[in-house]
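Pulled from Swiss-Prot:
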BINDING   G10, I11, S12, G13, G14, V15, D16, S17, L36, G125  ATP binding site
DISULFID  C101-C197  disulfide bond
ACT_SITE  C101  active site, nucleophile
SITE      H126  site 'Interaction with tRNA'
ACT_SITE  C197  active site, cysteine persulfide intermediate
SITE      Q339  site 'Interaction with tRNA'
Amino acid sequence: MSTPHHILVGISGGVDSAVATCLLVQQGYRVTAVNLRLLDTLDAPYAEPTLQPSSLVVSDHPDYHIPLFSLNLSRTFRDEVMRYFNAEYLAGRTPNPCMVCNRQVKWAGLRHAAELIGANAIATGHYANRAFSDGRYRLYKGADSQKDQSYFLWMLSQKDLAHTLLPLGGLTKPEVRELAKNFGVRAAEKKESQEICFVPNDDYSTYLMSAMPELAERVADGDIVDAAGTVIGKHRGYPFYTIGQRRGLGVSAKEPLYVTALDAEQNRIHVGHKAALMSHRLLASRCNWIGMEPPSSSVELLGRIRYRDRQTACRVTPLENGQIEVVFQEPKSAITPGQAVVFYCGDEVLGGGFIEEGT
């Protein structure tokens, strides 16, 4: 990418994107902001997303009064993220919609908006870093290990990274808060949340029943089966459980029982003791490689199976069906189909894939 001069920054109304905007202005870029509206008019007929102009006052200082556009991507969000989310739960998997949203909605929407206004790069307030070396754009962890969001960006392409700036990558959250004060940022400090934005009150059961009215009749009253294959109870619907879950099973046992597998075809939940959650191996599909070419033979990498998981040495082997086999040196707990395994070399994100099964 040539040196950018006109940057389109995605803003959310929070401190992070506001500070990212101010930093870009301070660095001398011509900056325009866009608010991606993801949850508006979900039932409206499809229309090509169009930019609606406005203005943004990031702080009281006139240097930070910049052009603002809004882009309604609610239909795209519904089609690409919400339908994926629903389908994954129906298939007995536990999805991660933020990863899909980043690639399919946010980056795609920002790049589309940038083309419409003539910006030659986009920026976000994510805590991650990007660089170019050895003929390839590379993605790295953010400086703040507690806020690092690189795990959620493994689906980005070379073309995405080529047109992306990440102004907060070298900063910690306390430093961002201090900059917000110095800039006089008006944005509110949003409460940290791990909730899915379209699932009210983090109530997955109510959301799924509303999104798929036929679900209750289809999945209710299935069997809960122990490690010996004995039916020990009934469940209220396999989509309402996840691998590793202990609470809310409604069965009693001498030792705690955990969900070890979801069988959508048989409408069964398998449970076992905690040791049954441990496994060394998984299969993954729909892989995306950023920092390396897709492996043609076995390669030693570091892998994580969830956001707060620690990196563990693993051997990644490509299979003939397009999947990869991942074997960890140390066992992982509760490998969950539908979640992502993300690979690193130190702080660099090399790529990832969606987990199909753990064994």
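Just so you know, glycine gets a Cβ as well, placed from its N, Cα and C.
C101 (disulfide bond) sits 12 Å from L36 (ATP binding site), counting Cα to Cα. Per-site Cβ counts within 10 Å over the recorded positions S12, Q339 peak at Q339. Cβ packing within 10 Å was compared across the recorded positions L36, C101, C197, and the lowest neighbour count falls to C197. Nearest neighbour of H126 (site 'Interaction with tRNA') by Cα distance, taken over the binding-site residues S12, D16, L36: D16.
L36 (ATP binding site) sits 13 Å from C197 (disulfide bond), counting Cα to Cα. Non-local neighbourhood of D16 (ATP binding site): G125, H126, Y127, L168, V176, each in the same chain, at least six residues away, with C-beta under 8 Å from its C-beta.
Listed in sequence order, the residues of the same chain lying 6 or more apart from G10 (ATP binding site) and placing their CB within less than 8 Å of its CB are S17, A33, V34, N35, L36, K106, L110, I122, A123, T124, G125. C197 (disulfide bond) and S12 (ATP binding site) are 12 Å apart (CA-CA, integer value). Counting every protein chain shown, the Cβ of H126 (site 'Interaction with tRNA') has 25 other Cβ atoms within 10 Å. The Cβ neighbour count for G14 (ATP binding site), using a 10 Å radius over every protein chain in view, is 15. A gap of 18 Å separates the Cα atoms of C197 (disulfide bond) and Q339 (site 'Interaction with tRNA').
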